[in-house]
Structures are given as structure tokens and as C-alpha cells.
Ligand code: ATP
Ligand code: MG
């Protein structure tokens, strides 16, 4: 058996919400460990928890814990009783074990329980010579190769030599739910990931226009949502909207330089309708200020006008290079760069307007029949997929749900 100490980060600062945050974090950790539930045991403490794990499952557990937001750092620890002789033995064993790679060491002792009969300085003064006499390690207090930490707690002592940095952030689920507009590109999966980092559970919506967009383009979207699923809430939904009819209608707007702008406004209107039914509290996009002609502040304002819900743009201020870096870290990059075009990249007019005016956008919309098409699209062209145990399963009751809601609005289920 190995012991993994899981430290909570920011959570400890959050006053009244703290208990709720920790409860959610523990739930999320337990959910991640579910496939090997019988190999682990979780023991709660105040600002941390300890997970006992069978040796063979240690690496898998460590990898899984590094996908859970709200965890600050991890250590594989040796635990002992307060017995000083036992502590000495374990410290020395750890030093000998690590002395193969390290030349210098530093010892750090902390007493979380001051009732321990020795001070931390006394403990250090007794422990360090044992290491020096029995290994080739030298002391280096500034830049040691090996740092052994001894933490005296209420009923036991933790000894460990490394802190594995985890994701930090807040446990997913404590900041409500958002609906992310997921294209097949690089930016929107990163935006979704960053939203999860602040504790928001993320559902997805994708707009496609078959036959202009290929099945491979849609597969990419499923693959991306799956790839970030390990950071996301336990279960979530992906909506796929066939935007074909609306796109045809957009060919009739008089000023074609507004096509992308109007398309985005339609995306937002449809996303708002879905979010209203599925109770998301915000929309999320991968827009970055100035990244392309359609991502100016003027464009964003004209798009915002069509959304009741706040539109979160987590990568707004990031350079493309930074976004790519994150996408590589979360393994979405290789999927995103697969060469299948989505709606936006295929229908960019020659000179998209960079500073759209709201009244001109409205004029364009007045010239076409968008409202009935929008209703039609929401009622007939939306498919809902639920992510469950690693796979997406289509929820075919979705259309029935809509009928029910419309016939008996006051009975609409939560
Ligand atoms: P991305 O890399 O996320 O595709 P991008 O730089 O290609 O972003 P655009 O194509 O201009 O940017 O799209 C801006 C944002 O609009 C996307 O980040 C995404 O949130 C949303 N979006 C664009 N196309 C679609 C689509 N087909 N379905 C859902 N959302 C989309
Ligand atoms: Mg795109």
C-alpha cells in the first residue's frame, strides 16, 4: 500500500463556501477513482486528504488526480506514529533510496501539532546527522537535490520528498454550468478547459452544415469534448445543431460582408435557447481580441446584443502562442489541427466587416426570414448527446422534452 497526500489550494481561503467546495472536490476525486474503487481508500483531513492505494495503482491514481481541479499538490508519503525511532528509520530509508540520484539534501520539519514532545529544531538536529553518517549526501539548505519533509500531525507523522504540482483552480461544479460553443479549432477547447478551471461545469454546442461540413469534422468535435472530459464534471451534454437551413438563408442578406457577424448572432440565439432549456448560466467562446478580423470589440458587442446570457471569453487576452501551449498540454492540439473545415472557415466572405454596426446588422436580419428558421432549427435540428462512462449516448427523448415544455410551460421540469 502507498499513501498519497492530496493538498487543497485556494479552497482553504474561501471562508463560508469552503465546506461546500471541499465536499465537491471529494466527490470529484471519488468519481475519478471509481473504475478502481476497491483499490483505494480516502481518509479526510482538514485542508487535505490521504488516499491509500494498492502499489500497482499508484501511477494511475497520480495521473488521475492531476486532472482534478481544486487540488494544489500531491505527495507520496510514508506515515509513522509519533515514535521518534520509527520516524528516524523512515527518514533514513527515504534518504538512502533517493541518494542514488541526489548529492545534496535538506531536511524540513514542521509540527502541526505542538503537543509533540520535541521542537522541530530538536528533531532536525537529531535526524540530520543520521542521514549524514549513513549516506554520501551533503547538506545544502539553498538548492538541495533532495528535500525531505517531516510533518508532525495530531495522530501520525507524514514523511515525503516531493510535491507534485497539480492543476489548482476550483472543483468543477462549484461555479454553475456553462454552454461552450465548440468548433473544431484550437481555441474553443482551451476556452472550455479554462472555464472548468474556475469550477464551472461545461456542456457543449456545435454547429454543422452537412454536406458542406464532413462527418470527420463532426467526429473531431466529439473527440475534443472527450479529450477535455477528464477535467470536466462527471457528466455533461453535447448538442449538435444542423445549421444548414439558416446558412442558406444567410446567403440572402444584402450586405454579404456581414455574413459572419449575422451567423454568430444566430449561433448565440440558438445557444441561448438551448441553455434556457438545459439550465446553463453562461455561454463560452474561444474568441481572442483581435486574433482575426471578426474578433474585434465592435464585433463582440454586436454579437453580445443577441445574448441574454453572459458570454465568457476565457482566452480573450491570450496570444495564439499561449493558447497553443495550453492545447498541447491538454492534448487537444493534435485533434484541432486535423484538416476538416467547420462552418466558419468555409463561409468566410471575402471582406468580412471588422467594425460591424448594430443597426446595419439589424437591417440585414430584417431582410431575411430568420425567425421561423431559427424556431425550426431549435425544434428539429438539434441532437443531444450525453457523456456517460466514457462515451456519448444520444438522448432521443430530447425532442419530446421540448414538446412537453411547450404544452405545459408551468410544468417544465428542472
Ligand atoms: P477556434 O479555434 O475555437 O475554432 P477560431 O480562432 O477558429 O476559434 P472562429 O472560427 O472565428 O475562431 O470562432 C470563434 C469562436 O466561435 C470559436 O472559438 C467558437 O467558440 C465559436 N464557433 C465558431 N465556429 C463554431 C461552430 N461551428 N460551432 C460552435 N461554435 C463555433
Ligand atoms: Mg474556428
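Just so it is clear, glycine is given a Cβ too, placed from its N, Cα and C backbone atoms.
What you are looking at is a predicted structure, and each value in this text was computed from that prediction instead of being measured.
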Requested in this report: Let me know which member of 264, 329, 357 TrEMBL also records as binding ATP at the site of 181, 182, 206, 207, 286, 295.
Outcome: 264
Query raised in the report: Of all the binding-site residues given, 181, 182, which residue's CB has the most CB neighbours within 10 A?
Result: 182
Report summary line: Between the two most distant Cα atoms of the ATP-binding residues 181, 182, 206, 207, 264, 286, 295, the distance in Å is 19
Query - Three-state secondary structure, which DSSP defines for residue 182 (ATP binding site) - result: coil
Requested in this report: Could you check which of the binding-site residues 206, 207, 264, 286 have their CB within less than 6 A of ligand 1?
Outcome: 206, 207, 286
Query raised in the report: Around residue 264 (ATP binding site), how many other CB atoms lie within 10 A of its CB?
Result: 23
**Report entry** Coarse DSSP state, helix versus strand versus coil, of residue 264 (ATP binding site)
**Finding:** helix
